[in-house]
Amino acid sequence: MVNMKASMFLTFAGLVLLFVVCYASESEEKEFPKEMLSSIFAVDNDSKQEERDCVGYMRECKEKLCCSGYVCSSRWKWCVLPAPWRR
């Protein structure tokens, strides 16, 4: 009877330990994407502060030229991707 109680206690303690380890690793994994996104947006904000000579996709292109890879739409005056069906 004592051996059965001891084995049940050890099994229960092992399951609790497994739960704690899994929870800790999962919480670390949840923090990793948040850190990556914050670092990406921090870099992105720094690049937005620089003044550019061209404008990007779906930006108004009346005064400034579109960046490479885009053309100014004659109809909407926005920078768009060049396509064969556009004139």
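FYI, residue positions are counted from 1 along the chain as it appears here.
Here the Cβ of each residue, glycine as well, is placed from N, Cα and C on the backbone.
Annotation source Swiss-Prot lists signal peptide at 1-24, citing sequence analysis.
Under the heading disulfide bond, Swiss-Prot lists CYS54-CYS67 (among others). Take the CB of CYS54 (disulfide bond) and look out to 10 A: across all protein chains shown you find 14 other CB atoms.
Applying an 8 A CB threshold to same-chain residues 6+ apart, the list for CYS61 (disulfide bond) reads VAL55, CYS72, SER73, LYS77, TRP78, CYS79. Residues annotated as disulfide bond in Swiss-Prot, with similarity to another entry given as evidence: CYS61-CYS72 (among others).
Swiss-Prot lists CYS66-CYS79 (among others) with the feature disulfide bond. Its Cβ placed at the centre, CYS79 (disulfide bond) has 22 other Cβ atoms within 10 Å.
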Greatest C-beta neighbour count within 10 angstroms, which of the disulfide-bonded residues CYS66, CYS67, CYS72: CYS66
CYS72 (disulfide bond) - helix vs strand vs coil (DSSP): strand
